[in-house]
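S.K.: Dropping the structure in here first, questions after.
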Amino acid sequence: MGLYRIRVSTGASLYAGSNNQVQLWLVGQHGEAALGKRLWPARGKETELKVEVPEYLGPLLFVKLRKRHLLKDDAWFCNWISVQGPGAGDEVRFPCYRWVEGNGVLSLPEGTGRTVGEDPQGLFQKHREEELEERRKLYRWGNWKDGLILNMAGAKLYDLPVDERFLEDKRVDFEVSLAKGLADLAIKDSLNVLTCWKDLDDFNRIFWCGQSKLAERVRDSWKEDALFGYQFLNGANPVVLRRSAHLPARLVFPPGMEELQAQLEKELEGGTLFEADFSLLDGIKANVILCSQQHLAAPLVMLKLQPDGKLLPMVIQLQLPRTGSPPPPLFLPTDPPMAWLLAKCWVRSSDFQLHELQSHLLRGHLMAEVIVVATMRCLPSIHPIFKLIIPHLRYTLEINVRARTGLVSDMGIFDQIMSTGGGGHVQLLKQAGAFLTYSSFCPPDDLADRGLLGVKSSFYAQDALRLWEIIYRYVEGIVSLHYKTDVAVKDDPELQTWCREITEIGLQGAQDRGFPVSLQARDQVCHFVTMCIFTCTGQHASVHLGQLDWYSWVPNAPCTMRLPPPTTKDATLETVMATLPNFHQASLQMSITWQLGRRQPVMVAVGQHEEEYFSGPEPKAVLKKFREELAALDKEIEIRNAKLDMPYEYLRPSVVENSVAI
């Protein structure tokens, strides 16, 4: 009983306020009180109420709210509600961060994270059960294509729960940038429709100067072997390269190649031989674009790491050997320049296909979607792991629906310009699912498996390890607050259900690929949650942010190839130009690359979310330390990059987005 001071915070996004009245109730351990005053929440404002409550409520557990309307339901985005009790009592925060629609009653639990074991009296048990029951109706598993990991049910944006939709500033920026890209494409098409492309410099007609200094560097130096090799270490797709343990069985040496074999074996013995194998593309059906057959290869590249850190190609094999056929030719740096350049173009095109489908879409976007759906179905908002992970799930469902309806849909961008479009992209995604191993999502294990630990010129490896370690310590700090023993982990039914839902349902039985179906110890929880957060932040950034830099100059990353892979070494400039994308394909690649790869004006850097899901000083101290470590890493990378000829920026915490939001 006594005077209560209530503050209500409304989101700042367009339309976040509401013309509807909002009524509040306070629910304590010993009673409940309806507040006589009502409020009209205004966008970006805090509304304060002071109410005399005659009843004794005891410690506050919930704030309940109901938005009433007469003629029109006007949705309201509520950030949080705080309550200060009589006298000099502590202020208690009730996080919301969601849209309030309709006229039903919404209960907001006090912001302290609680596992089931931390609620021995069961004060929140009914709320947990009812919230998850409602969530499971909203968040249902779907199956975009048979044979793939699962996704959120619903084929259209408006099938998504309102809380998964872009806020207005994000929506406007995304749609305006898309319209701008398509308008520029139309202009370029009209200017080039009657012109013939005869020279590689003709690609300058569609190149957007000034968008990226690194893209201009790529345009000027893309033919160099050093830049070709560098991309496997620090380019848009740094997850293919591995140190060779032996010469690949597919590498068949034709007569007269004994010297090459000896050179490779020497590098192998010295531990400086690396490979990039694109065998996953073998057998994938190539696209047909406007009645014109496109083509795919499945290259193998062998590279040597020099003492100065440069990674240089030694040999390229474009196709796998076939029984009963002569071995495929091996292309060498000493071959005629156009033959060697064309072979490298084939590798870059193959890397483009695997990058966009396997590394980016499957391992970034679709994996993050599994984490989102499982989290919303299995962890109530009061659970500490939910509070920890929810900032890293923002906007993922909408951007993925947009991808499925615009990029990889029937007649989408992939079908229009990609050599894997027209169904090959789905076939490739299915086959790539076999390589979704638990260890490959965890940089300490993945980099060790690929032999990249200690490679000083692999800035991706260095930065990924550092960011992983910082995230791990952050997760460990929160986990240690709520799980004092391993038994507490084993006895948390919501945590176990969440883990099992990801592995068995979302990932379609991934326990045979190392994913856990249960968590038995605190360190296992830390590792698993760190994997989830790193996948949604650092790993996605590492394969997303480089697109504008490395793919703007189309010959460096051709979206399709219009002639078959060469079987001889008599290539000419005419052969190269006839193989690379035509002007429309190249223009569309450039436009989409700009729209998706540009730095986003509406973004939240990793760890910098404004939402406060936790109450209490201890979790806030953990978050503060996390942000300090991120800032220190960002500064270290900045200092290192200042000394580099080609800075590596993609894992700088200040540019890594907090979720898969683009």
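Yeah, the Cβs are placed from backbone N, Cα and C, and that goes for glycine too.
What you see is a predicted model, and the numbers here were worked out from it, not measured in a lab.
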S.K.: Check Swiss-Prot for me: it has His360, His365, His540, His544 binding Fe cation, so pick out which one of Ile149, Ile206, Ile639, Ile662 it puts in that same site.
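M.R.: Record source Swiss-Prot; matching candidate: Ile662.
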S.K.: Can you give the mean pLDDT for the domain 'PLAT' (2-114), rounded to a whole number?
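M.R.: Mean per-residue confidence for the domain 'PLAT' (2-114): 93 out of 100.
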S.K.: Quick one: DSSP breakdown of the domain 'PLAT' (2-114) into helix, strand and coil?
M.R.: 0 helix, 66 strand, 47 coil
S.K.: If you take the centroid of the Cβ atoms of His360, His365, His540, His544, Ile662, the listed Fe cation site, which other residues of that chain have their Cβ within 8 Å of it?
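M.R.: Output for this site, in sequence order: Leu361, Gly364, Ile399, Ala541, Val543, Val660.
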S.K.: Among all chains shown, work out which of the binding-site residues His360, His365, His540, His544 has the most CB atoms within 10 A of its CB.
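M.R.: Counting every other Cβ within 10 Å of each candidate, the maximum falls on His540.
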